[in-house]
Amino acid sequence: MLAHDFLKKNDRDFVPASSRQVFFIKLIFFIFFRSAWYFLILIMAKICRCTGIFFTDILAKQVHVIGLLWFAKAIASAVLLPTQKPFSSGRSIRKSLQVRIAQLALFNTLVEIIWFYGITFCGPFRSILVFEQSPTVLLVALMFLVNGGGNAAKMRGVFYLCVGWIVLFFMDSDASNAPNHSEAYKHQNGLNHIFYHILGWFGISDHCGGVLLLMLAVIFRMVYDSNFRHLAVEIGGPKRLYAMICVLSSMLLTPFAVLSLVLSSSSIGSYFEFPLLLFMSTAFVMIVDFYAEHICFQHVADPVMAIARWSPITMFLASLLITWLWVDGSATGSHTISAGSLIAVACFCLASYVFTSQDSPRSMGGHFIGISEEGMPLYTHGEAFLHKTSRSLLHFFHETITEILANSDSRRIFWFLCANLAFCGVEFLYGFLTNSLGLISDGFHMLFDCSALVMGLVASVMARWTASRHFSYGYGRVEVLSGFINALFLIVIAMFIFLEALERLYDPPDVHTDKLLFVAVAGLLVNLFGMYAFHGGHGHSHGGGQDTHMVEDMAFTFK
């Protein structure tokens with residue numbers, strides 16, 4: 001075969017694509033690359049927002065937070081007012097909507113004052129970890145806890161969120177690295193006086209108080225976002241409403257900002273650096289971020305879940321990188337990276353990813369449920385069995401507590417559990433206040449006593465469940481399993497207490513014993529109530545041993 005014959009043969013076999021197919025292929029590529037560009041804009045805007053929050057922390061060390069927020073709102077209003085023309089363009093707004101807009105602007109001002117003040121306590125990195133949580137993710141987690149009906153992935157997401165919050169609140173060592181807040185931010189004198197007075201009531205540190213402030217701001221922000229979305233539909237779009245809120249917020253802040261700037265002692269380092277950082281932080285936090293999200297809502301596929309997933313993940317990782325590159329750990333007053341903050345970053349990123357993932361397709365495996373009338377086996381396929389039996393956690397707790405309170409013995413144990421938990425909190429509080437390792441270790445001891453009681457009560461309820469095809473002997477072994485898990489917990493906490501005891505052996509702290517009598521008397525009363533609660537339960541295998549345990553606790557209380 002000649003070469004030109006071979007080429008002709010290939011030409012005959014080739015079938016060109018139709019113009020419609022070519023058009024659809026080009027359209028798919030255009031949509032994909034266009035969405036990718038808009039998604040890249042969102043990522044860059046979130047990185048800029050992180051940088052702006054770090055600039056805000058620098059500015060808050062120089063002027064009062066109310067004055068700083070007023071400066072930022074005024075600059076944003078100066079940009080948005082001529083750009084959007086919210087009061088002169090668009091349809092007219094009736095009086096009832098004007099009142100709602102003013103209320104929303106006032107609420108927005110309150111949220112951002114709490115946010116800015118929380119930054120001064122926790123630093124920009126930890127404020128991003130708390131305040132930049134996606135409201136969508138938090139709402140999905142809340143609805144799962146209240147209504148149930150979710151899958152195992154959502155349960156993992158709730159677990160990640162809880163671990164992240166607990167680690168950030170209790171195990172983050174930022175409190176030891178943070179500066180004396182009253183000295184570093186002495187120009188915030190009015191807010192400091194109110195906040196430290198409240199902290200004195202509960203005896204918590206500045207760092208934990210800042211985390212609580214930011215958690216309160218997150219809750220308020222969820223309410224604000226919900227009202228913002230509903231009101232934006234009624235007045236003609238989110239850009240117009242956002243411009244109105246910025247202008248009204250700056251007007252509301254004006255008298256308070258003037259008073260704060262006049263009465264407080266500002267310490268502006270450079271009159272060139274301060275306005276430059278102020279303009280950049282305002283542009284990144286209040287203008288660029290809002291417009292980037294608005295553009296992505298219009299051009300990105302499934303924008304709600306895309307923004308809810310990648311916005312917090314981008315900000316968490318970007319803030320971690322900026323803190324690692326920017327913050328000098330040896331400098332006084334620096335909020336450095338700790339092991340607890342790293343765990344919190346990992347948990348929050350995983351939670352954001354899990355809650356925004358699409359439900360995976362159900363597996364084809366099934367559960368055998370019986371035989372039909374024709375003699376054929378019947379199966380429940382995939383996760384249908386799990387969805388059928390899944391319930392709300394609150395509903396499960398309600399049913400369990402109802403069964404516990406229905407029995408007189410378990411009811412007495414339950415009330416003792418409540419008293420024991422309350423006294424456990426008292427021991428932890430006074431242990432940290434007096435620097436007493438004995439009280440702290442006994443607090444952990446009582447905490448795991450309470451966990452043993454909780455697992456025992458739940459196991460006693462589960463042990464009464466009827467036998468099934470999978471557990472033909474019933475659920476009686478659940479009680480043994482709960483005891484084994486509690487023993488593992490005790491081993492872990494014993495190791496932590498042993499390490500703390502070794503540290504205090506080489507560096508003994510000062511123990512303040514002037515407040516221990518109240519704890520001793522309260523412990524005596526709780527243990528006497530415990531002996532009464534377990535009295536009459538000697539027919540069970542654990543009755544006498546628990547009474548002996550109460551006597552040992554009373555002896556420890558008066559050591």
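Each residue, glycine too, has its Cβ placed from N, Cα and C.
Caution: TrEMBL annotation is automatic and unverified by curators.
Note that the structure is predicted; figures quoted are calculated from it, not measured.
According to TrEMBL, the domain 'Cation efflux protein transmembrane' annotation covers 414-538. Per TrEMBL, transmembrane segment is recorded for 21-43, 63-81, 101-119, 125-146, 195-220, 241-262, 304-327, 333-355, 413-433, 445-466, 478-497, 517-534 (among others).
The stretches the transmembrane segment (63-81) and the transmembrane segment (241-262) are in mutual contact, each linked to the other by at least three Cβ pairs under 8 Å (pairs 6 or more apart in sequence). For the transmembrane segment (333-355), the residues of the chain that approach it from at least six positions outside its boundaries are 122-126, 129, 133-134, 136-137, 140-141, 153-154, 156-158, 160-161, 163-165, 167-168, 171-174, 177-179, 184, 308-309, 312-313, 316-317, 320, 323-324, 327, judged by C-beta separation under 8 angstroms. Between the transmembrane segment (445-466) and the stretches 125-146, 241-262, 413-433, Cβ pairs under 8 Å are most numerous for 413-433. Comparing 101-119, 125-146, 304-327, 413-433 for CB pairs under 8 angstroms to the transmembrane segment (241-262), the maximum falls on 101-119.
With respect to Cβ pairs under 8 Å, the transmembrane segment (304-327) is most closely packed against 125-146, considering the stretches 101-119, 125-146, 413-433. Listed by sequence, the residues of this chain that lie at least six past the ends of the transmembrane segment (101-119) yet keep a Cβ under 8 A from its Cβ atoms are 53, 56-57, 60, 65-66, 68-69, 93, 127, 130-131, 188, 191, 195, 210-211, 213-214, 216-217, 220-221, 223-224, 227-228, 231, 235, 241, 244-245, 248-249, 252-253.
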